[in-house]
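Undergrad: The domain 'Cation-transporting P-type ATPase N-terminal' annotation in TrEMBL covers 167-239. Here TrEMBL flags 222-241, 247-267, 404-426, 446-475, 860-880, 886-904, 936-954, 960-979, 1000-1021, 1033-1054 as transmembrane segment.
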């Protein structure tokens, strides 16, 4: 309260001084400066202002950054009571009503599909049991019926018409109908014909908005509509009283200003929409593996055609409707279509796969039978429309700030209009003219109203929340160039607050270009680079294991060049097999695979059971060294014969594994077991009794720049934790090499899993390395860290990483190694799988936050000065020095152009030398209030002096002295904003020019503002109520504006609380003497 009364005393004192000294032409405002800067209550005022704003925002304008409820989103919207253009303000926030309708519609469609699929499957079970009914299609089914008949093909798949499929010869019959060889695949020359015949694999999308739609949307601003009406009335009255063309100028000036504002706003919004459109295209880019022209290759799912042979593996999205050709243990998650969480087993008996479903386990080959709008997924996607993305916390908070400022501005606008009107009426009464009214009086009243409405235009900062969208869109576009695809707006913003990154090792910290470096086989450790002979029987079983126990393939391209398609780990082992002289094709053709269990992160191994040429059944296993070693009870000795594994031999192998791991090699064990008699396909593969063949050490070097990126994170207050499935020794070696493991804890996942909740909570912040971790361990670590108020970023690539990605504050999926399931749950996709790219996202996240702070500081300063100068002048002189046209230009400078200049500044390296932004900290900081109040006081002082004593100081005389003075005030005010915009480039550092010339948008905005200001003053005076100024006045205007720069230096030297500086939420440290230069 003390601060409030002090402010009231200052304000009252200033008004009385203004009144007393007006006739003496003595400038009163410098006295205000002395009072404000000598009164200690100014500090209390800043604290009170900050507390008031934050209290208001914390009540209604706080939303979680991830997964907010619809009720939370509705609450803050209700509190935004003062909006000039609702359609534009809320363009980039979720349409909750539309979303609710779509969710209901989607649920009904899914329920119908679920009931239909369950009915069909029940019928299939009866058919398998010998009961035949409900499928009349099979009686007349012929291959020719499906030739060039896409609708019939699609209906067979979606109707689960297994009987029809069998009648035409199964998948081979469909292949004959669509004219494709199941081994060779589609010919590239047939693609266009197939697209014309069977359709393209795209669903119908709604057209994007044109530029003129954004113009129309900008015209929905209520204040602009009122000003247009005022301008039209002004033109009508003006023509009637002053004739043509003099009667046009005032109204036409307002209309031209509105046209300029609308055009610039529409151009800015349209460019934003194009950026978001490009980002949406990137989000929808999904690739898949196909066989075409006899070669396996990667293509976009949108280029798939009917007849394509698609290869599916764990985590893939089924890209089209199709028919199972061959595969192993294929489990499909159909919840995206039906809502059913139970996975469906797909094989020759249940052969149909539907577009949009996910591969939960196993691998397979599929023949594409229907694409695009002929699939259930395509029809489902067509029904969905874009209901908008959830707003970010910063957007919501700035909507709250805009609401506060708007209410204050509305009060000032109403008071200004009332004061001007009352003074006008009192003047008429004093002159005894109250009973006689002329058209000039009507124009004066209209002018007062237009000025008041324009004050609302300036006072309601529509650009504040929209500046967040602009900044985020710009950052997302730049990050896309840096190989980071931001899927959700809030992720980029949240990353600026991240305190912890839980990262995978393989492919993220390392290159993912793996090669076998060492191998232990036949009792000896060998360097792969050194040639050595293996016993024939050992070489045979080793090559069998390498070439059979794999999910990858060795293929030849059209030029005859051999290449390996598959994961980097398996590719490295296959490459080693080829180096040994093995022939992938001949080994595969000699043996028949009976059953395969693909690798997954839970089991940490893969197994396969095959039939040898002599009829012997043999199983192979490959995986994490400790796990596979535990499955073995025999070992191949130096003579090449299997012998029992004694404790001594087991210890020897463990030492070999640790030796490889200490050299930062990834270790795998290969093993086999011969199965007696026939193998029951319904049973699981053997889990024990294996014979160890070899221990493989795979080298995966660190990515260039990873060590520096980790150092950058640590300097920025971001803890990096490695979470990997590798051996603990391998993980420690890599973590030390890249600087992650210092004095923290390295632990294995099972050890962490076995601890109590309290122990986990105490241990979690100390962990720097977690080895042999499962996806569940990663999820537990994330939950415990978040419970300690950490802002956690997590990387993931596998299907099982999806829960951790969903739980984290920011989920990063790998673009190269990541599955579609992981990408769908992620907030950001790292296109190059590089850890350094994650650091770039953090840097841009911080840049977005600090850029918005700069813009808010700049806009609040303009708001305060524009409101006060017009209100006080209206109270004292009965007229406003800034006209409606001039205020519209000022609004353009501080709103759209200001956002372009300050909200799109690129990040600098200094951002990563600061601590993360705390979510609990005030957005408008005490440092910002210091700058806002200091600059506002200076500008108001200058403008009040000019308003009340300008004619005397500038020695202006004659009939046009008033219009010259008002033009000079307007020009000075604009240049104060130009230089203050430069000051706002850095909130606390004195060197505001650092990096300025590398920001071409900022330079372009500054240049455009100055050029257009010259045009307005010198050439558009008729419309803008200005007159040309001589060079001396131009220099004086620029000089007064320039003085705000040394004032900014002085302000930045005023100390703020030590505690605030040490833990400043925008990361600035206390200024030292060196930093102030």
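Just so you know, glycine gets a Cβ as well, placed from its N, Cα and C.
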Undergrad: Give me the stretch from 222-241, 247-267, 936-954, 1000-1021, 1033-1054 with the greatest number of Cβ pairs under 8 Å to the transmembrane segment (960-979).
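TA: Between the candidates 222-241, 247-267, 936-954, 1000-1021, 1033-1054, the best contact partner of the transmembrane segment (960-979) is 1033-1054.
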Undergrad: With pairs restricted to those 6 or more apart in sequence, evaluate whether the transmembrane segment (446-475) and the transmembrane segment (936-954) have 3+ C-beta pairs under 8 Å.
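TA: By the criterion, they do not touch.
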Undergrad: May I ask for the residues of the chain that lie six or more residues beyond the transmembrane segment (886-904) and have a Cβ under 8 Å from a Cβ within it?
TA: 227, 254, 257-258, 260-261, 264-265, 268, 451, 454-455, 457-458, 461-463, 466-468, 470-471, 474, 851-852, 854-855, 858-859, 862-863, 866, 870, 970, 973-974, 977, 981, 984-985, 999, 1001-1002, 1005-1006, 1008-1009, 1012-1013, 1016, 1024-1026
Undergrad: Please give the average pLDDT for the domain 'Cation-transporting P-type ATPase N-terminal' (167-239) in this predicted model.
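TA: Mean pLDDT across the domain 'Cation-transporting P-type ATPase N-terminal' (167-239) comes out at 84.
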